[in-house]
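Notes for the one structure printed next.
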């Protein structure tokens, strides 16, 4: 292997949001509140679904897995950000940076695939109600979740290999608060046009492809509901409305970030906050507020804990 293929940079500097101490403390407080809400909200959903036998349908099984993924996804970036904001230490070792990038794409792409599976679950429940129990049997649900994790792993391996084969000679300043492909590619001391297009065709097309599948599934659901208006269909459609909110919060910033060559314009770090922190924080609120069954189960759990 040629010498130029090895990294000459021992560490990167994550510039974060601000250099002033007052603003760093402000961002620390905001991130700490958001991360706490992500942990508590999603853990509450997991405990509620796991302890209530009534919440045994495929929709709640997938929701429980989504909450677990959201905890993992935010934990990839939030603890490192909180430590950097509090201590002021912005350096991250090259190896640690690549590990963070791997798990970011591993868990993030797994969530994309899982949201697509959840849309398929709602389509099956509304458009194929007589065959729903067979289509979304427990074994099928486990297989679909496993496929989501496997797909995320394969995607992340490809992205990480693309980053590792680039030479980094300096500078080492990353204009973001976590390690990701777009800002890191700009630090490579070689022509990265091919790598940028591979990134866009991998992360970008996965984001766009999953989003289009979701849009198509909801279009079919709307067509079904429009043809057969009933109380049961409207209840299912209400559940889909909360799913659409999650999809919009998560997919649109990802498409904006990854479906373009990295060198076209700097990555907006505030856009990254939407899909790395805001979306996982909103998931518990959206699903619990739109689901009377989950709210009832949470209330029962609260009364058992107080007894």
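Start at 1 and count along the chain as shown; that gives each residue its number.
Using N, Cα and C of the backbone, Cβ positions are placed for all residues, glycine too.
Automated prediction, rather than curation, is the source of TrEMBL annotations.
Taken from TrEMBL, the feature transmembrane segment covers 25-47 (among others). Residues 16-18, 63-64, 67-68, 70-71, 74, 78-79, 81-82, 85-86, 277-278, 280-281, 283-285, 287-288, 294, 298, 301 of the same chain sit 6 or more residues outside the transmembrane segment (25-47) yet have a Cβ under 8 Å from a Cβ within it.
In the predicted model, the domain 'G-protein coupled receptors family 1 profile' (41-287) has a mean pLDDT of 85. Under the heading domain 'G-protein coupled receptors family 1 profile', TrEMBL lists 41-287.
What TrEMBL lists as transmembrane segment is 59-79 (among others).
According to TrEMBL, the transmembrane segment annotation covers 91-120 (among others).
Residues annotated as transmembrane segment in TrEMBL: 140-158 (among others).
TrEMBL lists 204-225 (among others) with the feature transmembrane segment.
Per TrEMBL, the feature transmembrane segment maps to 237-259 (among others).
Taking Cβ pairs closer than 8 Å, the transmembrane segment (140-158) reaches residues 58, 61-62, 65, 102-114, 117, 202-203, 206 in its own chain, all 6 or more past its ends.
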